Amino acid sequence: RSASSCGSGAVAAMAPRREAAALRSAAFLPLLLLLLLPPASAGLSGYFGTKSRYEEVNPHLLRDPLSLGPAAAGSRLPAACAPLQLRALLRHGTRYPTAGQIRRLGQLHARLLRRPAAAACPAAAALAAWPMWYEESLDGRLAPQGRRDMEYLARRLAARFPALFAARRRLVLASSSKHRCLQSGAAFRHGLGPSLSLGSDEVEVEVNDALMRFFDHCAKFVALVEENEAAMCQVDAFKEGPEMRKVLEKVTSALCLPVEELNADLVQVAFLTCSYELAIKNVTSPWCSLFSEEDAKVLEYLNDLKQYWKRGYGYDINSRSSCILFQDIFQHLDKAVEESKSSKPISSPLIVQVGHAETLQPLLALMGFFKDDEPLKANNYARQEHRKFRSGRIVPYAANLVFVLYHCDQVKTSEEEYQVQMLLNEKLMSFPHSNETISTYADLKDYYKEILENCHFKEECELPKVNMTAVDEL
């Protein structure tokens with residue numbers, strides 16, 4: 001399918017996704033001897049998209065997981081500013097593959113075990129010797145590394161904002177209902193240790209899917225994007241395009257297989273296995289031996305295309321569905337400002353919520369971050385080499401978006417009394433309206449006035465009465 005056929009009318013007419021074809025390979029993937037592999041997935045680890053480890057965006061953590069790093073130095077806040085409230089939105093830590101991914105990998109591996117032609121293609125036979133240790137019961141659960149991700153993040157945030165994380169400050173902790181998120185919340189709390197004494201060392205993690213999984217509750221998104229195969233037209237077109245064809249031909253040649261026995265989905269299974277082994281075990285997987293850095297860039301773009309069209313700027317409903325979370329953030333900021341003005345204690349100085357990449361990505365799109373001048377499409381891979389929208393840089397495992405509200409003394413105007421900073425993955429972000437890393441709260445609210453006043457979740461997510469699959473509705 002050509003990229004040109006992915007126009008506005010194509011969404012209603014796309015054929016069903018070729019999921020069954022993803023498992024038709026009779027044999028798969030070479031294993032080069034582990035001794036010949038470069039250390040720690042060299043050259044590939046920067047291209048794993050949403051399956052990237054957090055250290056890819058903060059390399060200093062590989063040396064010292066508690067280091068605040070160089071980015072923590074330049075807050076540019078005057079000394080007369082004190083933090084009032086911190087709202088942290090976290091993606092869960094490093095997780096195991098889902099049951100579906102494990103099942104597909106197991107089927108591929110089983111075929112390798114049945115392949116007799118070891119002499120003719122020793123690389124494929126060697127890969128079959130890789131121990132398939134994943135079990136479906138792991139199903140996306142938090143890995144031990146994921147618990148460490150959260151514990152260390154908690155300790156770094158506490159070190160960076162000691163006044164907010166001081167003893168006897170109230171912590172509100174909420175999570176998606178997914179096990180990996182609940183465990184991440186518990187690990188974050190554990191990372192703070194007994195110093196944040198709130199009566200006991202245990203803080204109940206409130207389940208709040210309405211905010212952390214708003215996408216599940218948005219009928220328009222579910223019907224027109226999540227369950228509409230045609231909405232991923234650009235993704236499907238790229239799978240059949242020249243860049244993926246080149247990767248396929250290279251892999252099939254290494255495997256001594258006819259090219260029709262592999263497809264983009266099978267290659268992606270192998271690539272993601274490479275990413276999981278690095279993130280979970282910090283080892284270079286034999287599966288990595290299949291791919292060069294150029295291959296990894298192509299597979300990263302395939303991942304980013306899916307994120308763009310399903311969670312990012314591809315369709316308005318992707319981001320508009322997150323306005324329920326966006327407005328909740330500002331309601332709590334408003335409340336803190338009012339309490340401060342009334343000289344009352346801040347009732348919620350610390351709000352930490354654990355969700356998913358799918359929680360953070362739409363919210364960042366709603367706010368206008370990482371938007372490229374040209375949409376990501378199947379036919380503009382080369383032109384998007386320096387794109388802003390790279391999911392591995394935005395929402396790796398343990399990604400975090402933090403809003404910090406400050407009260408500032410010694411200011412010239414009342415508007416300057418309350419100021420805000422945003423951090424993504426512990427780095428200050430420049431606001432779209434000013435290109436500065438700090439904004440008055442009044443200016444920030446004014447910039448997002450339309451979303452705060454006119455983006456209503458119920459109305460945004462209501463299914464259109466007619467023409468339910470028309471792309472125009474997106």
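Here the Cβ of each residue, glycine as well, is placed from N, Cα and C on the backbone.
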Exercise. If you look at what TrEMBL says, which of Cys288, Cys323, Cys408 makes a disulfide link with Cys81?
Worked result: Cys408
For this session: Check TrEMBL and name the cysteine among Cys256, Cys274 that pairs with Cys288 in a disulfide.
Result: Cys274
For this session: Report the member of Cys288, Cys408 (the disulfide-bonded residues) whose C-beta atom has the most other C-beta atoms within 10 angstroms.
Result: Cys288
Exercise. If you count the other Cβ atoms within 10 Å of each Cβ, which of the disulfide-bonded residues Cys81, Cys274 comes out on top?
Worked result: Cys274
Seminar exercise, completed: Spacing of the two Cα atoms, Cys274 (disulfide bond) and Cys81 (disulfide bond), in whole angstrom, works out to 45
Exercise. Rounded to the nearest angstrom, how far is the Cα of Cys81 (disulfide bond) from the Cα of Cys288 (disulfide bond)?
Worked result: 48
